[in-house]
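Okay, structure first, notes after.
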């Protein structure tokens, strides 16, 4: 009874852990997709600078294709583990344990291989000004769109201050994406009447903070560590459940009945009465049957001998 309760408890714990695997994997995929979108914007603005290398070093472990593939595979493995736990199938549970072990090794190796502290300073933000003169040109529409998107999303203007647009370009006022309330011509209106309608903070510090790590990146790292701990716990519970199920099946296997002690069944022997001894009166029918059988066999023997002689 205690063993059945222990098996039931192990199964409930594995159900809960597999549910956590589904939830955490979906969260990792969602946060990684969000970070990848912003990372592409930052990489476009910081192309061919030290900031680009620092951003890649910081976010490559979080949005690496290997991590994305591992999370997708973990969802499938959790489904297999759920089915194996539900049906108490030793083969599915063994495959589930092996898959978790492989995923854990891949995650550990990927984390160690891609971990590196970025070396970036605030003075490196000045290199972003080299990307500003191409703003608005026909050949660099993609760069114009990236600047507008970044300034709108991060609520910043220029690199250090909004006056960077006036210094680095031939523009008389900043882009409309610098306005806190955007509408066509808002930057011109703010430049001549009220500068407080423009974002006062530059985009350089925003990019620096993004490279050093955002809250979403910290959440992603926490989820990664939580998944690793849950995998260790799931592998331990799976091994325990496998041992319990195997022991129960081995104990319930039918065993052949053994003879009672003290009895030694010998080989089966058939005894014939000695020749010349007349059978008893109570056994006349078996004797007659024996004689009829012998006569029949002798008759067949004579018939076979006569056929061989004639031939």
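Each position is counted from 1, following the chain as shown.
A Cβ is built for glycine as well, from the same backbone N, Cα and C atoms used for every other residue.
Only residues 6 or more beyond the boundaries of the transmembrane segment (12-35), in the same chain, are considered here, and those with a CB under 8 A from a CB of the stretch are 59, 62-63, 67-68, 71-72, 74-75, 77-79, 81-82, 85, 214, 216-217, 219-220, 223-224, 226-227, 230, 233-234, 237-238, 241. Annotated transmembrane segment per TrEMBL: 12-35 (among others), in sequence order.
Sequence annotations record features per position, and here TrEMBL assigns transmembrane segment to 62-83 (among others). Listed by sequence, the residues of this chain that lie at least six past the ends of the transmembrane segment (62-83) yet keep a Cβ under 8 A from its Cβ atoms are 14-15, 18-19, 21-22, 25-26, 28-29, 31-32, 35-36, 39, 89, 92-93, 95-96, 99-100, 103, 106-107, 110, 114, 217, 220-221, 224, 227, 234, 238.
Residues or ranges marked as transmembrane segment by TrEMBL: 90-115 (among others).
Over all protein chains present, the Cβ of residue 156 (disulfide bond) has 22 other Cβ atoms lying within 10 Å. TrEMBL lists 156-186 with the feature disulfide bond.
Among the features that TrEMBL reports, transmembrane segment is placed at 222-246 (among others). Taking Cβ pairs closer than 8 Å, the transmembrane segment (222-246) reaches residues 3, 6-7, 10-11, 13-14, 17-18, 20-21, 24-25, 27-28, 31, 67, 74, 81, 85, 88, 90, 93-94, 96-97, 100-101, 103-104, 107-108, 111 in its own chain, all 6 or more past its ends.
According to TrEMBL, the region 'Disordered' annotation covers 253-311.
Positions annotated as compositional bias 'Polar residues' by TrEMBL: 290-301.
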